[in-house]
Amino acid sequence: MCAAQRSAAALAAAAPRTVYAFSARPLAGGEPFNLSSLRGKVLLIENVASLUGTTVRDYTQMNDLQRRLGPRGLVVLGFPCNQFGHQENAKNEEILNCLKYVRPGGGFEPNFMLFEKCEVNGEKAHPLFAFLREVLPTPSDDATALMTDPKFITWSPVCRNDVSWNFEKFLVGPDGVPVRRYSRRFLTIDIEPDIETLLSQGASA
């Protein structure tokens, strides 16, 4: 366990094991948004980038899930991050136009909440992602997923539970507890059965 992991573990042990302890500033600006306001919702959290090879696929699938399952209690949350191949190098105020006119383009507008750019690995990692990585150290579909190309590692320290690329996914249950982590190779749309299971649990609670 690296020093950052030990620190995160100590923090996690001292705090509730839910995402409700965290907040983030919306991409549109304004006051920090408290995730505690989403109690009872199923959350799908992804680190996103507007210039990635899977931007079109993942953004449109995130929109699709939010459109169809949002009325039943799903909330999709996107966190732009520039740590992987510098593929989110736009300023916060430029990201929506990049999505609208470049990728996915064609007037695309996300129907889910986007937050300001943040880091997900290293000393400056957003506390939410430090927490998610500690609770779910590896993707369930690929426990060996790692960033293996040194030229793309721009953060320090490097930890075994680091996010390895854009569009890793974290699924959180209606009680705020992280349930499952998926690699970048796992299609966003294929998380739907797991989301359905959690939505059913929430409805019967």
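The backbone N, Cα and C atoms fix where each Cβ goes, and this holds for glycine too.
Straight from Swiss-Prot, the features:
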- S37: phosphoserine (MOD_RES)
- K41: site 'Not glycated' (SITE)
- U52: active site (ACT_SITE)
- U52: site 'Subject to oxidation and hydroselenide loss to dehydroalanine' (SITE)
- K91: N6-acetyllysine (MOD_RES)
- K91: N6-succinyllysine (MOD_RES)
- K91: site 'Not glycated' (SITE)
- K100: site 'Not glycated' (SITE)
- K117: N6-succinyllysine (MOD_RES)
- K117: N6-acetyllysine (MOD_RES)
- K117: glycation site (CARBOHYD)
- K124: N6-acetyllysine (MOD_RES)
- K124: site 'Not glycated' (SITE)
- K151: N6-succinyllysine (MOD_RES)
- K151: N6-acetyllysine (MOD_RES)
- K151: site 'Not glycated' (SITE)
- K169: site 'Not glycated' (SITE)
- S200: phosphoserine (MOD_RES)
- S204: phosphoserine (MOD_RES)
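Sequence features, as recorded in Swiss-Prot, placed on the structure.
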residue	record	Cβ contacts under 8 Å, 6 or more apart
S37	phosphoserine	none
U52	active site	D58, F84, G85, Q87, N166, F167
K91	N6-acetyllysine	none
K100	site 'Not glycated'	G107, F108, E109
K117	N6-succinyllysine	F79, P80, C81, N82, E88, N92, I95
K124	N6-acetyllysine	W155
K151	N6-succinyllysine	none
K169	site 'Not glycated'	L44, I45, E46, R181, Y182, F186, T188, I191
S200	phosphoserine	none
(message) Using DSSP and collapsing to three states, where does K169 (site 'Not glycated') fall: helix, strand or coil?
(response) strand
